[in-house]
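Enquirer: Not my notes, these are from TrEMBL:
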{"type": "TRANSMEM", "residues": "7-26", "note": "transmembrane segment"}
{"type": "TRANSMEM", "residues": "81-110", "note": "transmembrane segment"}
{"type": "TRANSMEM", "residues": "122-140", "note": "transmembrane segment"}
{"type": "TRANSMEM", "residues": "146-164", "note": "transmembrane segment"}
{"type": "TRANSMEM", "residues": "176-204", "note": "transmembrane segment"}
{"type": "TRANSMEM", "residues": "216-241", "note": "transmembrane segment"}
{"type": "TRANSMEM", "residues": "302-324", "note": "transmembrane segment"}
{"type": "TRANSMEM", "residues": "331-348", "note": "transmembrane segment"}
{"type": "TRANSMEM", "residues": "360-377", "note": "transmembrane segment"}
{"type": "TRANSMEM", "residues": "384-404", "note": "transmembrane segment"}
Amino acid sequence: MTGSRKIINYFLLGLALLLGGFLLFYKLGNIPSGFYIDESLPGYNAYSILKTGKDEYGKFLPLLFRFYGSYNPPLYTYLTVFPIAAFGLSVFSVRLVSALAGLLSAIVVYKLLAESGTVKNKLTSIVVTLIYVTTPWLILHSRVGYEVSTAYLLFSLGSLLFWLGLRKYRFLLPAFFFLSLSTYAAYSERFLVPIFIVCLLFFFRKELFLKRSSRYTLYGILTFVLTQIPHLTLIATPAFFPKSNLIASSAVVSQAQKVAQFLPYPISLGLSFLREFFSQYLTYFSPRSLFFLPDPDPQRSLPVLSVFYFWLIIPFFLGIYALWVKRKEPFSKFVFLLALLSPIPAALTKDPFATHRAMPLLLPLILIIGLGVDLIIDRIKGFVWIPTFLLLFLFSLLLLWRSYFVFLPKERAKDWGYGFNLLAEEIKDRPNTKFVIDQARIKPAYIQLAFFLALPPEDFQKSVDPAVKENYYENTDFDAYYAFGKIETRNIIWEKDSYGEKVLVGDELSISPEQANEHFLTKVFEIRDPVDRIIFVGYETNPAKKCAMGNNLGLYCRNRK
């Protein structure tokens with residue numbers, strides 16, 4: 001490539017990154033319009049680490065973070081310490097690392113295609129990078145304050161370095177390092193990376209174990225093993241496998257019991273497991289799932305938009321064709337390996353098409369689409385393809401803008417934990433009032449409140465059962481009851497709470513009109529989402545009137561006297 005061509009190429013890449021940066025950072029602190037519990041947990045714990053060196057439970061620099069009974073890989077929480085130190089405790093700070101990781105992954109995709117050795121047209125890498133930075137899958141999971149985008153960047157970077165290392169062996173050591181590091185960022189990579197490395201060593205053994213390359217390969221393997229020592233120290237604890245309940249065991253057992261009428265139970269169990277696994281696994285390659293239908297979970301999908309734009313189905317199938325034609329070439333083997341292995345962790349769970357767990361699959365799929373784009377550009381003479389691409393690209397941008405920046409902040413606000421910042425303001429306005437946040441119908445609320453109230457971590461740590469810290473990696477039980485300041489998060493206990501001066505907070509169904517009348521409650525505030533759905537309702541108790549009715553002359557009323 002000539003000097004002038006390089007300048008043009010990098011200029012166009014810069015424009016693609018500018019567009020990606022705008023889409024990833026525009027209103028980052030406001031869209032999604034809520035602040036989900038999976039974001040507030042690493043956010044507040046990063047704040048706690050910054051202030052005290054300990055997590056919410058008082059554990060000093062944990063290897064895994066105990067998040068409401070589960071245990072999360074630590075890397076995202078530790079990285080989030082830096083933006084919180086720089087910009088303060090805010091939603092933007094918590095989401096910043098994820099958005100930056102999403103943007104940097106575009107450079108990895110560009111470099112992989114440019115160094116693939118199979119792409120014929122120099123514009124292909126730029127075109128695919130433009131498509132990539134506007135992909136709904138990337139945008140959704142890079143604008144959230146948890147780990148999947150960061151783990152994906154590290155996995156992609158490790159994959160790129162490995163590919164480069166097949167020719168320039170010095171890249172092998174950092175390749176193994178970044179692949180190992182990705183296992184400290186998300187669960188999917190923790191299980192995917194060891195399988196991926198074993199398969200790489202097998203399928204590329206000729207390149208990796210030459211006389212010139214074997215030394216670098218062995219150093220890389222040693223680097224991987226050494227950096228996995230923290231994991232190895234925890235592998236026998238419940239903390240290392242905290243989400244085993246996500247595996248589709250009930251469906252497997254149910255199916256096995258039916259088949260056991262005809263086959264021995266161990267065989268029927270194995271067959272049922274394979275059936276369930278492959279039914280989930282194949283979903284991740286279904287054109288309907290990839291190009292036409294959104295993720296079934298409203299909290300991890302965009303309204304009326306799938307993970308890829310519908311028109312990309314054409315370069316997708318052309319890319320598969322190009323891979324098959326060149327199936328004996330190293331890059332084709334590399335992409336096939338990435339594609340076939342990446343969905344395995346997600347397919348083992350009971351959730352259908354869980355895009356956050358299958359995030360590593362985005363890399364091989366965009367590479368396949370890239371090969372299809374290259375085939376189109378190569379076959380169409382001249383630049384007549386450019387007007388068609390620009391029209392489709394601009395149309396896709398409109399679809400993304402409508403779905404993510406218009407529909408999602410309103411329609412999906414409730415799914416994203418909308419309203420906790422407003423609830424925190426209500427609590428601040430009543431500094432001398434006790435609050436009970438009902439936990440019968442909503443997810444644990446303690447951590448969002450601690451975040452938006454900027455509760456001093458040293459005070460919060462005092463409210464935690466010391467036994468949890470003492471048995472940190474073994475005790476997986478979680479109790480939603482928390483008491484800090486004048487706040488309690490638990491189920492409402494009517495025979496107790498209606499006789500004390502406090503505000504009871506729940507969703508629209510937590511307290512019925514009949515209960516409000518029976519216990520002489522007065523509505524003092526109501527929090528609604530952007531489409532006017534009730535998120536929280538606050539009722540003030542009236543213990544004097546309750547006791548005056550004479551229905552209960554027990555302890556609470558006697559104490560008032």
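Each residue, glycine too, has its Cβ placed from N, Cα and C.
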Enquirer: Counting only residues 6+ away from its ends, which parts of the chain sit with a Cβ under 8 Å from the transmembrane segment (216-241)?
Expert: 63-64, 66, 71, 165, 169-170, 172-173, 175-177, 179-181, 183-184, 190, 197, 201, 208-209, 472-474, 476
Enquirer: Need a quick answer: max count of Cβ pairs under 8 Å to the transmembrane segment (384-404), which of 7-26, 81-110, 146-164, 302-324, 360-377 is it?
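Expert: Between the candidates 7-26, 81-110, 146-164, 302-324, 360-377, the best contact partner of the transmembrane segment (384-404) is 302-324.
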Enquirer: Out of 81-110, 176-204, 331-348, 360-377, which stretch touches the transmembrane segment (7-26) the most, going by CB pairs under 8 Å?
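Expert: Selected stretch: 81-110, with the most Cβ pairs under 8 Å.
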Enquirer: Counting only CB pairs under 8 A, let me know which of 122-140, 176-204, 302-324 has the most with the transmembrane segment (360-377).
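Expert: It is 302-324, which has the most Cβ pairs under 8 Å.
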Enquirer: Would you mind listing the long-range same-chain contacts of the transmembrane segment (302-324), meaning Cβ under 8 Å and 6+ residues beyond its ends?
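Expert: Residues 118, 131, 135-137, 140, 287, 289-295, 332, 335-336, 355, 362, 365, 367-376, 392, 396, 399-400, 403-404, 407-408, 411-412 contact the transmembrane segment (302-324) from elsewhere in the chain.
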Enquirer: May I ask for the residues of the chain that lie six or more residues beyond the transmembrane segment (331-348) and have a Cβ under 8 Å from a Cβ within it?
Expert: 116-118, 159, 163, 187-188, 191-192, 195-196, 199-200, 203-204, 247-248, 277-278, 280-281, 283-285, 323-324, 354, 357-358, 360-361, 363-365, 367-368, 371
